Amino acid sequence: DCRYMFGDCEKDEDCCKHLGCKRKMKYCAWDFTFT
């Protein structure tokens, strides 16, 4: 399962599509992509 916005993460692959891992804060945030 992928992590949604503000979910815990270690790397970008942990997050759902269009989300990337903010390594400093360890949460998923939008990566500014639409496709």
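Yeah, the Cβs are placed from backbone N, Cα and C, and that goes for glycine too.
Taken verbatim from Swiss-Prot:
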- Cys2-Cys16: disulfide bond (DISULFID)
- Cys9-Cys21: disulfide bond (DISULFID)
- Cys15-Cys28: disulfide bond (DISULFID)
Item to check | Distance from Cys21 (disulfide bond) back to Cys15 (disulfide bond), taken between C-alpha atoms, in Å | outcome: 7
Item to check | Conformational class of Cys28 (disulfide bond) under the three-state DSSP mapping | outcome: strand
Checklist entry - Hey, of the disulfide-bonded residues listed (Cys2, Cys15, Cys21), which one tops the CB count within 10 A? => result Cys15
Next on the checklist: For the C-alpha pair, I'd like the distance in angstrom between Cys16 (disulfide bond) and Cys9 (disulfide bond), rounded off.
Outcome noted: 10
